[in-house]
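Sequence annotations record features per position, and here TrEMBL assigns active site, 4-aspartylphosphate intermediate to Asp356. Per TrEMBL, the feature Mg(2+) binding site maps to Asp356, Thr358, Asp749, Asp753. The annotation ATP binding site is assigned in TrEMBL to Asp356, Lys357, Thr358, Glu466, Phe508, Lys532, Arg561, Thr641, Gly642, Asp643, Arg723, Lys729, Asn752, Asp753. Here TrEMBL flags 38-95 as domain 'P-type ATPase N-terminal'. Residues or ranges marked as domain 'P-type ATPase C-terminal' by TrEMBL: 776-1003. Taken from TrEMBL, the feature region 'Disordered' covers 390-411. Residues or ranges marked as transmembrane segment in TrEMBL: 92-111, 271-291, 297-316, 810-832, 838-858, 888-908, 914-935, 942-962, 974-994.
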Amino acid sequence: EISTSWRYCDWSLDRSQPCCANFELKARTVWLGCPEKCEEKYPKNAIKNQKYNIFTFVPGVLYQQFKFFLNLYFLVVACSQFVPSLKIGYLYTYWAPLGFVLVVTMVREAVDEVRRYRRDKEMNSQLYSKLTNQRIPADMIFLRTSEKNGSCFIRTDQLDGETDWKLKVAVICTQRLPADLFSISAYVYAQRPQLDIHSFEGNFTREDTDPQVIESLSIENTLWASTVVASGTVIGVVIYTGKETRSVLNTSNAKNKVGLLDLELNRLTKALFLAQVVLSIVMVAVQGFVGPWFRNLFRFVVLFSYIIPISLRVNLDMGKSAYGWMIMKDENIPGTVVRTSTIPEELGRLVYLLTDKTGTLTQNEMVFKRLHLGTVSYGTDTMDEIQNHIVQSGSTPSRKTQTPGPKVRKSVSSRIHEAVKAIALCHNVTPVYESHAIVNGETESAEADQDFSDDNRTYQASSPDEVELVRWTQSVGLTLVNRDLTSLQLRTPSGQMLSFHILQIFPFTSESKRMGIIVREESTGDIAFYMKGADVAMASIVQYNDWLEEECGNMAREGLRTLVVAKKSLSEEQYQDFENRYNQAKLSIHDRGLKVTAVVESLEREMELLCLTGVEDQLQADVRPTLELLRNAGIKIWMLTGDKLETATCIAKSSHLVSRTQDIHIFKPVRFRGEAHLELNAFRRKHDCALVISGDSLEVCLRYYEHEFVELACQCPAVVCCRCSPTQKAQIVTLLKQHTANRTCAIGDGGNDVSMIQAADCGIGIEGKEGKQASLAADFSITQFKHIGRLLMVHGRNSYKRSAALGQFVMHRGMIISTMQAVFSSVFYFASVPLYQGFLMVGYATMYTMFPVFSLVLDQDVKPEMALLYPELYKDLTKGRSLSFKTFLIWVLVSVYQGGILMYSALVLFEAEFVHVVAISFTALILTELLMVALTIRTWHWLMVVAEFFSLGCYLASLAFLNEYFDLSFITTWPFLWKVSAITLVSCLPLYIIKYLKRKFSPPSYSKLSS
């Protein structure tokens, strides 16, 4: 809980006006409870995810639409119809389709925007006075807590993605105050807001004492926004609000994502526009530029405007919505949500997949698997033996203390007891008991009524590994019952309490890769120094042995996280000598860190190796087969995690992200340009090996050798980046996009993955234990990592193939009618007169051919089972061969051939009156289009058959009403029927023959499988 007091401190910050968009970040001084002393204006403490406001909505959406060449072109053509001399046909034939497209888009954007607004409003209207398991709303300095030891735990999963709890410490001066915080005169000085969530510098100053108290503040005195207080109540003073908080600074703004297919189609429409202008100029040139030729030129441009069909956008947008609906209705991937409906085709074009580790690939649930004592090893099935040994050694306490005589080989029983005791003592875990005594909201007598039973105890620590080790010692009989800053209590199986006094703790750091603790047993007065850490760090510290390295390798291959546990007994004199040197080193001003390390290292010699533990971080369901599938599909997988290097490497091996035969190159930590240069050269000499690099080294490499680094990394089969900040994750995605021009996909489950998800071409969020932040920010939200296989292989493939076919067919439909117009105009002395008037044109693009053409969204070339069984088929898609200038050119030739045949044949066969030409050519055109759809389809669906016959029926039924265009008495005659049939046959039969021959002599790769 967070006490009400902080609201008054925050008042001066919160009522201020929002500052300008490019606000400057400044350091600040915040007084406790004195808002009048604060002159500066700070941003409002509100979250804003919306793209538009009420004024920018219409202009914003229109800009997003008309920045596409396609839509801008339609707008110009439609506007030209208001000029009388350029008017061709009816206004509605141009304005109705355009209006429809814009209305559909606006409605879709408005719905999305309202959803975002509601989500923001819900977050921003939460009232805070006391927080119980709510997120901390702004960045604060931690002043005091109800916990006796002056510290509390917070959960940071939405900030850095790690589910372990972090220990935070209250400012000592305010924690000790008996009275109200507002009774003193004090202020907090805080540095200017910055991105780094792992560092903070500031001071706390109390003025009304003599001399004044100044305390330095660091990261452990902060409570960042979006974290949750997990134990006790806290009081804090707010230092950063709104867009200055660490969590907001680390999230990037959502961009409008545009699919690669849309960009490709946009390029093709520009080519078509060029062809249209050239065609119009040719028409005017053949006329000899006579009369008002400029006006004629424009009339021709408008006449041929059907080359670029407006229905292209409508069809594609409706197609995208259909794919989204199919993804959400797929029973094999339940719970999948499509949040961005504009980019389903991207799923079929991915080359890089960037994934988070904790909670995405792993469940972040630790299980103790192995205890190795050198001569004997215990696994999950033999844990009961350990329990028996503990019970035995507990019942017969060993009287004899170790004499410094000749070494006697200890019994297995006593060695197990020593090892388990070491694991139960050497850690940073605190047992917490839920208090049940909340009567009338009072928790005064909580101490008396606290329930110390095993069922009511939970363990808290900053690492899930540590918690699992302590849980395991409890399961074999040695239970951690109590822990504060100075003492520890263990309970033996017989119920006896062992009390230990904590003399020193040396916390784990990423440099030392180990942690140590010195304890004095109260019953015997024995002092022992216990230590546990990574095998690399511990190998040189423990006494000589011949098994440690080999066993660590074996456990790592099983995907276990290993820790080496060691012990050293100290005499009282040895300890006193150490303590004096240690305290002296801690007071030194120069090189304090180095001196302290040197003193501790003097103890870390010739330690007795007790045991090696193996803990497994359980993988999500089916992670291995899914990664295998993606690798076979030619997708390169990069793992970006905030976790430690050892853990990340371990998971990369156990999840088969790095295959067993592959070497792993661990990039050495580099800080300067020269080091980076040498290390990159060393890496260049390696072939086909996975790369593991830490965030700091990555930053140095990117600063000096961006291009070289990305080039080398892209050749690796797998890349692991550990200790990555949220901003770095997004940077890596952006780099890949810039340097490789390939499509990237990011997948994650925590608030720390949001930036990466938004930066990628296609962002996938998993609804995980870490909340819904990632899944809400993503384009696609799934419930399990294994669903990504089907999402890409099946839905990605289908969406891309279908949209490519649909887009090209709609273009073909426009080109064929423009070809007929060109032939018609050239025969009739290059007159700029339309071939088909008003309703015929609208009907052609809608009623008569719309349903069969749109039914192409149901087509599939490969059955879903096949696509999953042969992921190699996915590689072809990334080359983009379904829609390219080559395929487009083939469609152009088909359109020109068919348009020419239809028009010439009709002119050759027409009798006396011109009206018959229109009837014959138009009917043949509709039949050709329906047959062409049938030719394009690869797998028939019953709805496709319905659409074909429905369209044909519509056309035949409407003939009765089109008497202004058609002569009904002629249509029902025999000559009309045979002429139409002959023309249709000539236009379609050759294409059917070519298709048959092509399938026979050079079939596509997938057809070999389906046969």
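Each residue, glycine too, has its Cβ placed from N, Cα and C.
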Check: min Cα-Cα distance from Thr358 (Mg(2+) binding site) over binding-site residues Phe508, Arg561, Gly642, Asn752 goes to Gly642
Are there residues at least six beyond either end of the transmembrane segment (838-858) with Cβ under 8 Å to its Cβ atoms? List them, or say none. 89-90, 92-93, 96-97, 306, 309-311, 315, 318-319, 322-323, 802, 805-806, 809-810, 813, 817, 918, 922, 925-926, 929-930, 933, 936-937, 941, 943-944, 947-948, 950-951, 954-955, 958, 962, 965
Go through the chain and flag residues at least 6 beyond the ends of the transmembrane segment (271-291) whose CB is under 8 A from any CB in it; none is fine as an answer. 69, 73, 297, 300-301, 303-305, 307-308, 811, 815, 818, 822, 825-826, 830, 832, 885, 888
Give the residue counts of the domain 'P-type ATPase N-terminal' (38-95) per reduced DSSP state, in the order helix, strand, coil. 29 helix, 0 strand, 29 coil
Sort out for me which one of Arg561, Arg723 has the most neighbouring CB atoms within 10 A, since those are the binding-site residues we care about. Arg561
Among Asp356, Phe508, Arg723, i.e. the recorded positions, the one with its Cα nearest that of Asp749 (Mg(2+) binding site) is Asp356
Folded-back contacts onto the transmembrane segment (297-316), same chain, C-beta under 8 angstroms, at least six residues removed: 70-71, 73-74, 77, 80-81, 86, 88, 97-98, 100-101, 104, 262, 265, 269, 272-273, 275-277, 279-281, 283-284, 803, 806-807, 810-811, 813-815, 817-818, 821-822, 825, 832, 834, 841, 845-846, 850, 853-854
Could you give the Cα-Cα distance between Phe508 (ATP binding site) and the residue listed as 'active site, 4-aspartylphosphate intermediate', in whole Å? 23
Which residue, of the binding-site residues Asp749, Asp753, has its CB surrounded by the fewest other CB atoms within 10 A? Asp749
Its Cβ having more other Cβ atoms within 10 Å than any other among the binding-site residues Thr358, Asn752, the winner is Asn752
Fewest neighbouring Cβ atoms within 10 Å: which of the recorded positions Asp356, Phe508? Phe508
Near the residue listed as 'active site, 4-aspartylphosphate intermediate', meaning Cα within 10 Å, which of Gly642, Arg723, Asp753 (binding-site residues)? Gly642, Asp753
Let me check the 10 A CB neighbour count of Gly642 (ATP binding site). How many other CB atoms are there? 27
For Arg561 (ATP binding site) and Asp753 (Mg(2+) binding site), the CA-to-CA distance in whole Å is 24
State the mean pLDDT for the domain 'P-type ATPase C-terminal' (776-1003). 90
Residue pair Asp753 (Mg(2+) binding site), Gly642 (ATP binding site) - Cα distance, angstrom, rounded: 10
